[in-house]
Ligand SMILES: Nc1nc2c(ncn2[C@@H]2O[C@H](COP(=O)(O)OP(=O)(O)OP(=O)(O)O)[C@@H](O)[C@H]2O)c(=O)[nH]1
């Protein structure tokens, strides 16, 4: 999980604070020392940490906090505010041109994830009702052009290429003319990367910038490179000027140092984060939601957005009807499970649920995606009749299903029991709150 180490340490520190009825200045200072160490271990820039702690200390050791009835909570609130500020305060949106097409240029070092991010960004813009086109201006890595074309096919979006014999500046210019005639209102230019920031690359990028005057230059950096990512961002901003950052591979970055330092060091906001290799694994970066995740308070808003994007509203209505009629089958069960899995890796989803998002709890929960594969295999090994009427699945059928799905009879039994319980529970819910009276404490 992203920020795992930092989240665990901060949550431990604050648990101790919350446990105390009254706080002294010494208590707060000791806690802040732990926060400082945790941030440094998470590879946050040293100067950034020093400033951050100083700001919190000024606010937290004041009379207002120490004399309050819930001083521990107050300190956490201040840390939450300052963490949010550190990452940029509020989300930083893309700016669109008054007269289309809006030109977005992605730049960055080799392997940082530019081509993948071009596809992800195009997908997200399309979902927002835009008509994006992509321009393949990376002529040095021949596979990059093909890679972008494959992404374009999958997204059903145009990719403009001129092969690898024309100059990137000419390709970018021709690509924009193409977009204009093709009625595309946004173009994303995928540029070439180098291993290091060098003069040749910068000159080329500057020429493209000069010719096409992009509305947004977004730097793609790899979160897993930690403080190196921050240095690269600083250099690109000095030499080229950037509007913001796409921080990729945050899903693989347990420390989170780059995410916490980029804005403070470069002054430029993180606009998006990459949370996986799939095309829908791009999230708008919300500093407040990220701070909340780090402090174990969950991120319900992102969870709702993910659900809205991946759960089919029509199917949800159908399901509600089936529940009312008591017709919920194992096929529906499988369908539901698939829809939830479409929302992303389970540990990321669970990390957004308040209460479950405490790093410690998640570790104990042991999210086992393999078990979900087993359930899918078991249901797929049943006949349609069995899926609709699981009560008919007798001993010999259970044996056949276990054999067919490569699982054991116990696994099949467990699933059937789970399904029965789920169905019972859903029936109670679909019967409305009245029936629930006396069952749950808050209905009494
Ligand atoms: N886990 C994870 N992998 C990612 C993410 N973004 C990109 N990748 C992977 O990183 C690798 C490099 O991505 P590319 O998009 O090819 O990188 P590039 O910057 O275009 O590379 P060059 O064209 O060589 O400069 C690929 O294997 C991607 O699947 C992300 O957010 N999370």
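Glycine too: its Cβ is placed from the backbone N, Cα and C atoms.
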275-305, 306-336, 337-367 - the one TrEMBL records as coiled coil: 306-336
Which range of 240-263, 384-407 is region 'Disordered', per TrEMBL: 384-407
Which same-chain residues, if any, lie at least 6 apart from residue 194 (GTP binding site) yet have Cβ under 8 Å of it: 109, 110, 200, 201
Tertiary neighbours of residue 191 (GTP binding site) (same chain, Cβ under 8 Å, six or more apart): 105, 106, 107, 114, 137, 138, 168, 204, 205, 208
Neighbour count (Cβ, 10 Å) for residue 114 (GTP binding site): 26
Residues that sit under 8 angstroms from residue 108 (GTP binding site) by C-beta distance, when 6+ apart in the chain: 114, 193, 219, 220, 221, 232, 236
